[in-house]
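K.L.:
Below are the C-alpha cells for one structure; questions will follow.
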Amino acid sequence: MENKKESSLLYILTGATSGLLADSIMHPVDTVRARVQIEKVGKSQYKGTFNALNQIIKNEGVSYLYKGFPIVATATVPAHALYFLGYEYSKQWVTDRYGKKWGESTITHFSAGFVADALGSLIWVPMDIIKQRLQVQTNTQKLNPNQTYYKGSFHAGKIILQEEGIRGLYRGFMPALATYGPFVGIYFSVYEKCKSTISSLLSKEKDQYLPIPYQLGSGFFAGAFAAAVTCPLDVIKTRIQVQRSTEKQIYKGMWDSFKTILKEEGPKAFVKGMGARIWWIAPGNALTIASYEQLKYLFKDLI
C-alpha cells in the first residue's frame, strides 16, 4: 500500500512539473496553430505557419502569442498529474492481471494512452475552450464586432459560464476525446516502441535509464507522427470549440462538421495548420516525456 502511495506521488509530481515546463515553452506555437486552423480555405490571411507567426508578432505584438496562457498554467498541473497517473496505472493494471507481455504490448500502450487522455480531458477541455477563444479573438471579432470581448483567461471563463453555462466550458468534449484519445494512444504506442528499440540497440533493459537525447528523439518522432495522423480530427475539434453557443452554429457535431468543411472547403481544409500542429506537439511532447522520465528517475529514490 505504501509503495502504491509513493508511486502515485511520484507520477503526480513528475507529470505536473514536466507538463508545466513544456506548455510554458510551446504555448506561442499553439496560438499560431489555432489561428491558422479556424481560417477557411480561400479566405486565409496567413500563407503558412511562419507567415502567421510573423504577422501576429508584427500586427499584435509578441505578448499576443501568450494569449490564454494563465489558464493553461493553472490547469496543466492537475491535468498532467491525472494524465500520467492514468497512463502508468492502466499499464500496471494490465500487467498485474495478464502478465508483463500484455502489459508491454502495443494495444495496452494505446489503451492506456486513451485512458490517460480521458482523465486529463476533464481539465483540458475547459482550459482549451478558454485558451482557444482568447487565441482567435482578433479573428472572430472582425467577423462579429458586437460579441463580448474577453479581457483575460479568468474573465473569459466567467463570461462563458454566464452566457453558455457549464456546457459552454465542455463544448466539444466528445470531439476533443475523439481527437486526443487516438492521438495519445498512437503517441504512447510509437514512443514505447522507439524506446524498446533503442534500448535493444544499446543492449539495455527496457526499464533501464536512457540518456536524454534518446528520450527527446523518441518523444519528438512519436509526437510528430501522431500529430500528422490526427490533424483532420483536430481541425474539426477546433472549429467546434471556438464557436459560441450565442451565435449561429455552423458546425453541429463531428460528422456534420466533417461534411460541412469537405463540401465548402475541400480536403485541403483538413490539413490546415498541420505544420503548426506538428511544431507545437512534437517538441512539446519531447520536452514533456523527457523531463517526465528524467524527474521520475531522479525522484524515485527521494519519495
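In case you wondered, yes, glycine gets a Cβ from its N, Cα and C as well.
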K.L.:
Can GLN37 and SER105 be said to be on one side of the membrane, going by the domain names in Swiss-Prot?
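P.N.:
Topo match: no.
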K.L.:
Write out how many residues of the repeat 'Solcar 2' (104-197) are helix, how many strand and how many coil, based on DSSP.
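P.N.:
Helix (H, G, I), strand (E, B), coil: 78 helix, 0 strand, 16 coil.
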K.L.:
In the repeat 'Solcar 1' (6-93), how many residues does DSSP call helix, how many strand, and how many coil?
P.N.:
74 helix, 0 strand, 14 coil
K.L.:
For the transmembrane segment (9-29), find every same-chain residue at least 6 residues outside the stretch whose CB is under 8 Å from a CB in it, and list them.
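P.N.:
Residues packing against the transmembrane segment (9-29) from afar: 53, 65-66, 68-69, 72-73, 76-85, 88-89, 276, 279-280, 283-285, 287-289, 291-292, 295-296, 299-300, 303.
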K.L.:
Determine the mean pLDDT over the repeat 'Solcar 1' (6-93), rounding to the nearest whole number.
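P.N.:
Averaging the confidence scores along the repeat 'Solcar 1' (6-93) gives 88.
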